């Protein structure tokens, strides 16, 4: 029975399906890698012309053909590179739905979880269809024009047809190898499959398509031969396009070696036979490949990833091509396989020389050879000499590389080296199969791709929901009962100082290496003696280091007479007076780079220099990235769901951090958020310009800034906006975030200082009752937003842009988060984190402009000269470097989180002559560092020129290994550095430029001078509060008219959104 329901759905989806007659096309001005199957080296034609007629290459020349077929499309390829399409000689296309699930899977685990026998009970025909179609389109996008598909989704007649139909309709050139196998879980045997195969072979389904029928079989040896004979006879009877088999052998049991297949007289026929992997290929097998001109498919990433390796493949490359294997687990493209393989070969043969203590003098493998394996060799493996080459008469399967514009290819001269070592699949401009474009201008030439994507994601979501509760098999005893046992690989240690791996690595592996080196026994004795001495010295040094470590003193601490509370009364008094930051700055100046204070039972260490930050937060990140226990903020208010408060070793932190990066804060998504930022700040300008009272009242101005920051980020996260300044959601979100942050400050909650108070009965803990009630309220609020968004999506009324929460909903794995409700709560936390710091930064910037009017005037002139009478946009920042200097100085002068969010240490940390003990709380004291006159001369004054010439983004500066060259420490340091720096740069830059361009910034009448920051303290230490005496007044009628005009136009073009409130 055929699988037909999906065919009518997909028939219109792929616009370049096989069978469509291609018109003539002439590529002009390109560099062409013309490689005939008979030539040992490619011919590079510069400024060449390539003519395609129908499905063939008609001309390859350096001069424009004098006669062209009528209606020939001429494509300007000046500066581009044209290469043959890549050929993948081993792939399982149907498994796409498993994407990212097998990132750390071994081959043994794969068999029990993702292989065809494990998957068969869970995949229906539609799942196979959409997975196969999506997988082949993914390959086409990567320039893989031909795939040998080992189609082991043939566990029913329906699933067999599903994968075959998807292959036909993809537009790819596919050698679709029907897999014969017994599937015990479904009681489906080879005898059941044979009629299905014959029906397909005789159906005519593949006529006029790019798909050819092959056979795959994995039991040629050492199993009983009867079934294998049947399969071999079918291959000969139907003269299939290819026979392929997984060839492993060794401890994996089933061999399928060339000698096994040869026993069924299949190697000496006209049918190509492709052996996948060849992990334990024998010398006899290698000779058979050469004698019968059959090929091995090397899948470098698969063999490294799964652990079946390729110890012998280096010696049989003259009969080899490249493959991908399971594209759901790693890279889908042949370019990556070729790149991995060439370096693997180089390493292998270099190591042979180095093991004899000699220096290599030549390179074992060239990029041309790797390029050959990725293209021409694939065609030879399939005995299709017209594939994988560019010559007249060859199939028009081509890749056009965007070598003229791609940043990674600028300056190239050698086109093959440019592709093999520098290009990425993102540099592929066009892909052609059989003379038809399947990718053009960087995009798949697919009609209704969104429908394919949606149907595939529906399928993948269902499959992954099944696999969430699907345990890995128990890997004890023998592997598949074959007499070979499971062994445990040593686990890598990538964290500095976590183990004594140095001694282990020196002692055992190096001794083994020395014993294999051919050297006289006297030299060997001396080498071993020296090695033994080194080991003893290392051990003694480690012992002395441990003894010294025990003797190192703690850093200094201010004097304290209160034995029970320690410094807590002093700190609380400073907090009440809004001068915590000044107290810790004073102590930093008195006690140096590191000091500690005793707050009840807890020691808080403050890190006060850039060098100490580098040593403690960056270099010792593995031991300094945990969070303290915040009973109220983390456990009770947030129920351990707040990314900011979680420890880095917790699974929830890792999954939330990853979801945040991939769902909101990476560079591409930060740029994608600019339209919302531009609209909301423009609305802010219009509101203030239209209503002078708003600009003259600090409370109204603070609310207006809050509205546009919250609306900017709620639009990107939920697709819901904040249209009004008086929206209750503004105060609600700010107060929610503030409650969480204040609970992190030293001494704010006594229960965090004296944990024993947590043992009290609930009726004596009002803080816990309030905190848990707050969490219940906040979680319900977030779930209500989730329901609102889901109902919009279901009704087809959601805004067209992709939001964070929609990414989570539509991702089968919810971006790694445990539930949609938790994702919605994370969304609220992200609004708080992004909006509140942006709001505080803008408010502090206004304080700076009031205090230093000369800077304000200079910055305004810079903006005016750059943009004139139009409203500035983020892209203008590159034209006004002084504004970037103002931003950097604003963050230095008033860091939003002045005392840093505390980390805890998981082991003793040594810095200079001091020891910070395990379990200590450590703060990056940004306020003190930013007031260090040796780092920032005249630190109390606002001097943007101190950053003159520094055009780096916040991310680029924070990543500088030379800590003295970092601009500031607003985003923290180490493993927990804030992931929102791209978003923050854009938000702050647009705010600064637009406020300067639109408004005069002046003091409220009657303000006493000079300004005293202590007269308008904010909730966050060191930052101004609502009493900031600022007035914004539109600069001129012309500015007002421009703002109104641009805002009216923006309103007309903006998508409709429902409000976040309600």
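Backbone N, Cα and C atoms are what each Cβ position is placed from, and that goes for glycine too.
Annotations in TrEMBL come from automatic prediction, not curation.
Among the features that TrEMBL reports, domain 'Amidohydrolase-related' is placed at 81-438.
What TrEMBL records for 942-961 is region 'Disordered'. Per DSSP, the region 'Disordered' (942-961) is made up of 9 helix, 0 strand, 11 coil.
Positions annotated as compositional bias 'Basic and acidic residues' by TrEMBL: 942-953.
Taking all protein chains in view, 20 other C-beta atoms sit within 10 angstroms of the C-beta of residue 978 (heme binding site). The heme binding site feature in TrEMBL is assigned to 978.
The average pLDDT computed over the domain 'Amidohydrolase-related' (81-438) stands at 92. In the three-state DSSP classification, residue 978 (heme binding site) falls within coil.
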